[in-house]
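Student: In case it helps, TrEMBL gives these features for our protein:
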ACT_SITE  Asp83  active site, proton donor
BINDING   His84, His177, His205  Zn(2+) 1 binding site
BINDING   Asp105, Glu135  Zn(2+) 2 binding site
Amino acid sequence: MPLADPRPILAAARAAGHGVGAFNTTLLEHAEAIVAGAEAARSPVVVQVSENAVRYHGGLRPIALATLALAESATVPVVVHLDHAEDVDLVHQAVDLGFTSVMFDGSRLPDDKNRATTRDVVAHCHAHGVAVEAELGEIGGKDGVHAPGVRTDPEEARRFWTDTGVDALAVAVGTSHAMADRTAVVDLDLVSAIAARLPAPLVLHGSSGVDDATLRKVVGRGMTKINIATHLNKVFTREVRARLEADPALLDARRYVAPAREAMAAEVERLIRLLGPEPAAVAP
Ligand SMILES: [Zn+2]
């Protein structure tokens, strides 16, 4: 199946009150697990490569080409998305390689510079048929707008969207990145307030910190793209650790990575069903 444009997928999900799972890949096996999980759930999915993952591999091309090849051979629509790019050159590389979606993260820039750069990124990406997610940030620091105490103002969000023309907007409603426990307290009324003012799909970063019941509520209030990375790393690594501890003589990487890939695929499928239509309405 050709690579999917996220815009109709997110628009349909938003109209139906569903969420779309967006999961990060660092390893080839992560991408395989995400695609396998989406195929099992018979749902579209977003596979994300972050600027951090690019740094880890020393370049975008190898991880990108592998991920794009997997996406193209999937039996469900797959969006390949560049996550948290602060480097505009990296955005251009992703567009050249055939990504269908990018996130430009200018949240560390001064507000006017963030808006201007985001506008340039939108012009370039739209000219190439690529969707853009962005984040508005008046507050810097390590976690930017996703620090737990930070909140997006609905009116500000609307102005940013009008100013920049982005296709999706990351908002701060109580989550933060890389939470190992699912204990985040999400401001559900704020989600509703932003969704009421903004026609563009909203993106929840740091969703690893959000429990199942809250994820469903967040989606019901109008959040659409649900970014999950750390939670799936936990599932993957727990399985690797168990295999290695169970057999100290184990040498073949496939013997401990394959079960981890399977465990992650099962969790991806479960999460997609959780975010999608009520499980009873999902075809087996
Ligand atoms: Zn994020």
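Positions of Cβ are set from backbone N, Cα and C atoms, glycine also.
Give me the lay of the land around each of these features.
Tutor: Taken residue by residue with DSSP, Asp83 (active site, proton donor) is part of a strand. Taking the Cβ of Asp83 (active site, proton donor) as centre and 10 Å as the limit, one finds 25 other Cβ atoms among all the protein chains shown.
Here the Cβ of His177 (Zn(2+) 1 binding site) has 18 other Cβ atoms within 10 Å, regardless of which shown protein chain they belong to.
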Student: Do any of the binding-site residues Asp105, Glu135, His205 touch ligand 1, in the sense that the CB is under 6 Å from one of its atoms?
Tutor: His205
Student: Using C-alpha atoms only, work out the spacing between Glu135 (Zn(2+) 2 binding site) and His84 (Zn(2+) 1 binding site) and round it to an integer in Å.
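Tutor: Cα to Cα, Glu135 (Zn(2+) 2 binding site) and His84 (Zn(2+) 1 binding site) are separated by 9 Å.
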Student: Which residue, out of the binding-site residues His84, His205, shows the minimum number of other Cβ atoms inside 10 Å of its Cβ in this structure?
Tutor: His84
Student: Helix, strand or coil by DSSP: which one applies to His177 (Zn(2+) 1 binding site)?
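Tutor: Coil, per DSSP.
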Student: Roughly how many Å lie between the Cα atoms of His177 (Zn(2+) 1 binding site) and Asp83 (active site, proton donor), rounded to a whole value?
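Tutor: Computed Cα spacing between His177 (Zn(2+) 1 binding site) and Asp83 (active site, proton donor) is 13 Å.
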